[in-house]
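What TrEMBL records for 1-17 is signal peptide. Sequence annotations record features per position, and here TrEMBL assigns FAD binding site to V111, W532, H533. The domain 'Glucose-methanol-choline oxidoreductase N-terminal' feature in TrEMBL is assigned to 303-317. Residues annotated as active site, proton donor in TrEMBL: H533. What TrEMBL records for H577 is active site, proton acceptor.
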Amino acid sequence: MYSKLSAPILLASACSAALYESVSQLPGFAYDFVVVGGGTGGAVIANRLTENPSISVLVLEAGVSNQGATNIEVPLLAPFASPQTAYDWNYTVVPQPGLDGRTPAYPRGFVLGGSSSTNYLTYTRGSRDDYDRYAAISGDEGWSWDALQPYIKRNERFTPPADGHNTTGQFLPSAHGYSGINAVTLPGYPTAIDHLVVNATQEFGDEFPFNLDMNAGDVVGIGWTQETILNGARSSAATSYLGDSFIHRPNLHVLLHAHATQVFPDANAKSGKQIAFNTVEFAENRQTRYNVTAKKEIVLSAGSFNTPQLLMLSGIGNKTALASLGIPTLLDLPSVGQNMSDHPLVANPFVVSGTQTSDSIFENSTRLAADIQAWNSSYPHEGPLVDGLTTLLGWLRLPENDPIFETYPDPSAGPHSSHYELIFANGFAMPGSASPSTGNYMTIFSNVISPIARGSVTLNSTDPFTQPLIDPALLAHPFDTYVVVSAIKAARRFATASAFKGYITGPYEAWANATTDDEIAEYARSTGNSVWHAVGTACMSPKGAEWGVVDPDLKIKGAQGLRVVDASVIPIVPNAHTQAPVYIFAERAADFIKKSWKI
Ligand SMILES: Cc1cc2nc3c(=O)[nH]c(=O)nc-3n(C[C@H](O)[C@H](O)[C@H](O)COP(=O)(O)OP(=O)(O)OC[C@H]3O[C@@H](n4cnc5c(N)ncnc54)[C@H](O)[C@@H]3O)c2cc1C
Ligand SMILES: *[C@@H]1O[C@H](CO)[C@@H](O)[C@H](O)[C@H]1NC(C)=O
Ligand SMILES: *[C@@H]1O[C@H](CO)[C@@H](O)[C@H](O)[C@H]1NC(C)=O
Ligand SMILES: *[C@@H]1O[C@H](CO)[C@@H](O)[C@H](O)[C@H]1NC(C)=O
Ligand SMILES: *[C@@H]1O[C@H](CO)[C@@H](O)[C@H](O)[C@H]1NC(C)=O
Ligand SMILES: *[C@@H]1O[C@H](CO)[C@@H](O)[C@H](O)[C@H]1NC(C)=O
Ligand SMILES: *[C@@H]1O[C@H](CO)[C@@H](O)[C@H](O)[C@H]1NC(C)=O
Ligand SMILES: *[C@@H]1O[C@H](CO)[C@@H](O)[C@H](O)[C@H]1NC(C)=O
Ligand SMILES: *[C@@H]1O[C@H](CO)[C@@H](O)[C@H](O)[C@H]1NC(C)=O
Ligand SMILES: *[C@@H]1O[C@H](CO)[C@@H](O)[C@H](O)[C@H]1NC(C)=O
Ligand SMILES: *[C@@H]1O[C@H](CO)[C@@H](O)[C@H](O)[C@H]1NC(C)=O
């Protein structure tokens, strides 16, 4: 079905590198596929479609190159890659009533690889129940856990940890893929708290059981963190799917600094029941605008905030809301930007007696420089910088007979799923707050995993270069606040394990005094944040449903030639940090596209 002529014409003038910094280098303005956003989802689509050499793909990436960015490459430095850096969109959220009206930063990667280049590297797929629920919501059994296994494996390349230690007892080998594209590994440098946490799971096995592998379908329990790291350096969508082995394909073109501003229907298409889209307008460095044509499809992979923004700017959204901004409606889809779910996070720092914590690195510039030097001069990389912030984390349920369930039905995805998460960090970490300049700490994060609140993304302006209004609705529902209070109390109980005796000195400052439930809730409201897992803003729903934005094949309802492949399509936030779910969705989406064009 594809045109055999299209690709060669383009390629005649292509230079060897397919990564372009400027429109002037671009060999043409017509491609089979145009992918908006070279992030987590977009990179998978670009890679898989260009496996066929006769198919041409252009990726428009608004952000900058990922090359040579120390804070992106070095895992422990991830917290310095954003927010408010050259690699960030610099977004903030609207005032959050659940957070005392505060407006925290909400980072998103403005760089090739998208948020997979700036995230905190944990690799978590979610639970069996999450995917079975997506199958039920969408009416497509293909989204179930069992059916997705081949796509999970296609993404994953499980590799030895940086220090090559014996990983027996730290994961379930049969649950993993070893020949996929994106590298995954276990922690590669021992931290001071690893064995304390593991021992505490033995002491408190009933409430806080050890989970050998949270990526094997049942997340419940505490286990070793798997991370998107290869030989001690970040494995992102940019270094894997768009890495050296693929970026030189002559049919793959990636243009940086190219900000898509609108999609347009095909002016020559015969008017039918569906609107056929084929044009993407973009601006280079937010200045000169150009149009590119997609002969087959446009794939939107701009992420949970920018994809709905681009849809609305293009006249796809709630008709009434668009009219109030003077945007003519092409497709009246009121679910665009609605139904956002996210994970609210609260940091619980403890003062510790040990000195082998990340604080000793970050508080001492001599030590930090020496550790970066040691990391840089070794391969596989060595030293304490080879891991992200957390080497252990866990997913836990409220008790079955918790009185809260008399008021609200249980919103968790099922028995293999959690209500909250505990994340263990060997040092001080509190998003939005500066770290103390002295001292040693351990932080346990309490995250709400089964929120009832739903947020939204709406347009503030028709200017594509301003941010949309982002409302993640953090702690905006009484159930969500109840869960976070329960999770903070759980963190405190866990810290009483005998393994921590002599190590933990006490809770750090503000939350030391928060003892009643009301005080703990106020601590959560005054220090809480997001852990940046927003999904659902271009939600999939059954074909023909009255709500939703995309069909189960991720095509925009009522349109031709326009698909969404990123976190926006995921209906409900999973029992996971969201990069692996996006990779998994994108691997299946690539198959949809290949099948529908027989390529
Ligand atoms: C700081 C941080 C930490 C996180 N930590 C973790 C973690 O440890 N583990 C985990 O699993 N998940 C984590 N996440 C979440 C996870 O990284 C994201 O959910 C996931 O990467 C989103 O993938 P995506 O494809 O939807 O969007 P992205 O990967 O963000 O890709 C969107 C891309 O589109 C580009 N773009 C946007 N608008 C336009 C436009 N108009 N024109 C052209 N290009 C455009 C962007 O620049 C970006 O490259 C974290 C996220 C953040 C921000
Ligand atoms: C975010 O801010 C940084 C530093 O101020 C800047 O370099 C970067 O370009 C900004 N990002 C965007 C998308 O404008
Ligand atoms: C790793 O440890 C396990 C159990 O402790 C042991 O059975 C196995 O032989 C070890 N593997 C290697 C390669 O040493
Ligand atoms: C963990 O527990 C084991 C056995 O119960 C004990 O031998 C070991 O010293 C403990 N380790 C730590 C760091 O507490
Ligand atoms: C792109 O095409 C659309 C629709 O044909 C048109 O309205 C718009 O002005 C074009 N933009 C550029 C930069 O040519
Ligand atoms: C569309 O937006 C309007 C105005 O914001 C709102 O009142 C209405 O409920 C929305 N429609 C739907 C179907 O969500
Ligand atoms: C939000 O999603 C639920 C299913 O999870 C659906 O029933 C509801 O209609 C959606 N709401 C909107 C506004 O899209
Ligand atoms: C800072 O680090 C250097 C190098 O590791 C070390 O020699 C020095 O003692 C450290 N300073 C402090 C105050 O810990
Ligand atoms: C790593 O070493 C190379 C030279 O081998 C140098 O160019 C680069 O700047 C170093 N990076 C860091 C983060 O020190
Ligand atoms: C929304 O637009 C108004 C008016 O231009 C502006 O003052 C405000 O800062 C914008 N809000 C955000 C969150 O960007
Ligand atoms: C905690 O309470 C004590 C005693 O009331 C007080 O002295 C201290 O300042 C409080 N700490 C914080 C961080 O609020």
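Just so you know, the numbers here start at 1 and follow the chain as drawn.
Quick reminder: no glycine exception, Cβ is built from N, Cα and C everywhere.
Features recorded in TrEMBL, as mapped to the structure shown.
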residue: V111; record: FAD binding site; Cβ within 10 Å: 31
residue: W532; record: FAD binding site; Cβ within 10 Å: 24
residue: H533; record: FAD binding site; Cβ within 10 Å: 25
residue: H577; record: active site, proton acceptor; Cβ within 10 Å: 25
Problem set entry | Cβ-Cβ under 8 Å with the domain 'Glucose-methanol-choline oxidoreductase N-terminal' (303-317): same-chain residues at least 6 beyond its ends | 36-37, 39, 62, 89, 91, 106, 108, 114-115, 260-264, 327-334, 336-337, 340, 457-459, 462, 464, 467-468, 470, 534-538, 549, 556, 559, 564, 566-568
Problem set entry | Extent of the FAD binding site in Å [max Cα distance among V111, W532, H533] | 18
For this session: Between V111 (FAD binding site) and the residue listed as 'active site, proton acceptor', find the distance joining the two CA atoms and give it rounded to the nearest Å.
Result: 19
Exercise. What Cα-Cα separation, expressed in whole Å, is found between H533 (FAD binding site) and H577 (active site, proton acceptor)?
Worked result: 6
Exercise. By the DSSP assignment reduced to helix, strand and coil, which category contains V111 (FAD binding site)?
Worked result: strand
Exercise. Per DSSP, what is the residue count of the domain 'Glucose-methanol-choline oxidoreductase N-terminal' (303-317) in each of helix, strand and coil?
Worked result: 11 helix, 2 strand, 2 coil
